[in-house]
Amino acid sequence: MRFAVTKVCASGAKARAGLLQIGSSGVETPALLLSTRKGLPAFMSPDLLSSLPLPDSLLLNVCPTHFIEVPPSKTISNIGGLHRMLGLPDHILVAAAGESTECLPSSDATNKFGASFETPAGRKLVKPSDYMELISCLQPNLWASLADEVPAWVNEKRNKTSVERTLRWLDACIALDAASGRNSLGVVVGGSSIEQRKLCATEVSKRNVSGFWIGGFGLGESVEERCSLLNAVTDCLPLEKPRIVSRLGLPEEVLEGVASGIDLFDSTYIYQLTMGGFALIFPIDMVEREMQNGVFDSSAGDSAKINLRATTYRKDMSRIVDGCTCFTCQNHTRAYLNHLINVHEMLAQILLEIHNTHHYLRFFRSIREAIKAGEFDIFWKQFVENRRSQIAAAAIRE
Amino acid sequence: MALRFEVLGRFNRARAARLTLPHFTCQTPLFMPVGTQGTIKGLTTDQLETIGCQIILGNTYHLELRPGSQLIDDLGGLHKFMNWKRALLTDSGGFQMVSLLHLADITEEGVTFQSPVDGKPMLLTPEESINIQNNIGADIIMALDDVVKTTITGPRIEEAMYRTLRWIDRCIAAHKKPDVQNLFGIVQGGLDPVLRDICVRGLVERNLPGYAIGGLAGGEDKDSFWRVVAQCTAGLPEDKPRYVMGVGYPLDIVVCSALGADMYDCVYPTRTARFGSALVPEGVLKLKQNAMATDERPIDPSCPCMVCKNYTRAYLHCLVTKDPMGSQLLSYHNLSFMARLSRDLHMSILEGRFPEFVRGFLRVQVCLALQSLFYHI
């Protein structure tokens, strides 16, 4: 794995563009990790996945604990690891232990032996040795170490313990790794304590890791806290290694993360939108923003997304987003999606996941463009202002 | 008549034909997957084309309920609504009489359903069924017939058969688009050869573009099933397509094709996929079984589909019945299997090797299936 920062924003801002190279695949950052279940997207089979923009859509987040029951490790190894098993030989697979839909960290049950997760098969305790056995047979391109992620409301003692455990488990994982941590991402926790966050980040930086996975966010901290915590962490991390943050999914959260020096984002935002019947429509660039101003009907959603379940779309023969080149917009109408959602057909989620992923990948592309043009600050400011004025206009209309 | 049916090859009663419909030119024998609510569950229209599906079904009863056939018509018809460029067939709503019977009341006028969605009564007359199907715009539409289960005996079967003949005339009269939509009649009569014969003659007199053999695939024993199919295909005209409704299992499709039938539909391949079962030459592979967790082979080594080229039984075992992706991948494979079966039937008849194909098919199904009882296949 090779990572290089290719552009840093001027005037002291921390946003940066970079290039992540793994094998023969190179992906520009900031970038999005697509979320998966048992390695594949929730609804997009590989033939549908391959219609998404490349190389952006090569980056997938995989949760090893999805494979804790089946198949057995030996079978996974015999098949040839994740890439072979999933039929995705060219993709960049980044593994991390907990995620927000099927493998939630259960900090109450976590103890000194291992991290506990709530899974569809019940509560599972994962020790570093269990975790590394999975990692060694799955063979992802990058893997985050096992961590003790705790919600923002735990007491100081518990928070301190989580940092100690996370560091101990990081060392244990590296020790158990045949490549001695060459493809590892050290996890940084520390809850809502700036001090603990800085401590953890500094300590993790000392280890032989290829990058950093910033965890413990999206678990109850306030939006204001998060900004300062995130910056405290990135200030302590070396510039030349990639930083990934999990559970920051909303466009505004992504922009904040980018401004704090984050390179990769892992979240279930797209999955949650899809499950709710929402389709992203927010304008990607300045031209689109101007076109959208004043012509938006807020009765079914807001200017960022529409809820295709709403009756207003029953006979709407337009595309989700005019001019969108995704499979869904090239082939189907809002009316058809409205019907599918209302009769609970699986195709609804398939088509929505395709569009939402495509749209969000375009958003990331425009972020990269803005950074490379030295205009990230303007881009961010305009995006937020545009959102505020849309919401204000909608409020006035009501 | 809005179709052309040309028999290209024969073996005894079996035929390989070209069926030219307004939206697509098909090769028969063929299997039609069922897309009840304007979609095949879990598959895109693109994937269906790649798999080789030629005609898919939509269901009149369900589509009228949601989103409504008038809305579909306003938006340009079902082809446009779901963006399916090939052929469509809609059934009349008649099958719901059998499958939702405790909600239905059948009279000479039509069938009154109690809608399972909102409890309101819905009256489906022959005229209304044809009107709805005209709105939906499928290449082939089905007459409303009075369907009874083959497991029922007594005068109800005779009543249903005569009513079906009376209703076909009402359907023909109500049909507004005979130049672009083909109305097929449905032969009823239960398992009684006398009744079946009367119905066949009655429908043939009406000179319809095609004929279906209905009222089967509902629990009758196989011996009765194939006899009825054989009798009907013998009595139906040679130069028109014959559609056995609700079939089904690959073996039944092979047998019916040998007896001279051309078209089939069933929810089985897609439904069984959602329950974790894959169709293979030996029969059915139940991916949920524990033995599958360590099985590194593809579902079917001889299958060229995307699923068999990329995935092992072990990985699919994790997904099936737990993740939507499991349903999708298995449905994809099962429909590929059925499309290949259709192609094999057409080509083997056309190329004069139908008996060899059937022998090979049966050998794998029966002998290897028996073997698998003793060894793990």
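One is the number of the first residue shown, and numbering goes on along the chain from there.
Cβ atoms are placed via backbone N, Cα and C, with glycine included.
Copied over from TrEMBL:
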- B:D91: active site, proton acceptor (ACT_SITE)
- B:D265: active site, nucleophile (ACT_SITE)
- B:D91, B:S92, B:G93, B:G94, B:F95, B:D145, B:Q188, B:G215: substrate binding site (BINDING)
- B:C303, B:C305, B:C308, B:H333: Zn(2+) binding site (BINDING)
- B:13-363: domain 'tRNA-guanine(15) transglycosylase-like' (DOMAIN)
- B:246-252: region 'RNA binding' (REGION)
- B:270-274: region 'RNA binding' (REGION)
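Candidate binding-site residues: B:C305, B:C308, B:H333. Nearest to B:Q188 (substrate binding site) by Cα distance: B:H333. B:F95 (substrate binding site) falls within a helix when secondary structure is assigned with DSSP. When the Cα atoms are compared, B:G93 (substrate binding site) and B:D265 (active site, nucleophile) turn out to be 15 Å apart. Residues 33-34, 40-42, 284, 321, 327, 330-331, 333-335 of the same chain lie 6 or more positions beyond the ends of the region 'RNA binding' (B:270-274) yet place their CB under 8 Å from a CB of it. Neighbour count (other Cβ atoms within 10 Å of the Cβ, all protein chains): 30 for B:D91 (active site, proton acceptor). Sequence-distant contacts of B:C303 (Zn(2+) binding site), defined by Cβ-Cβ distance under 8 angstroms and a gap of at least six in the same chain, are B:H333, B:S336, B:F337, B:R340.
Residues 95, 214, 216-218, 222, 225, 264-266, 268, 279, 337-338, 341, 361-362, 365 of the same chain sit 6 or more residues outside the region 'RNA binding' (B:246-252) yet have a Cβ under 8 Å from a Cβ within it. The CA atom of B:S92 (substrate binding site) is located 14 Å away from the CA atom of B:D265 (active site, nucleophile).
When the binding-site residues B:G94, B:F95, B:D145, B:C308 are ranked by how far their Cα is from the Cα of B:D265 (active site, nucleophile), B:F95 comes first.
Across the region 'RNA binding' (B:246-252), the DSSP tally of helix, strand and coil residues reads 3 helix, 0 strand, 4 coil. Cβ neighbour count for B:G93 (substrate binding site): 24 (other Cβ atoms within 10 Å of its Cβ, all protein chains included).
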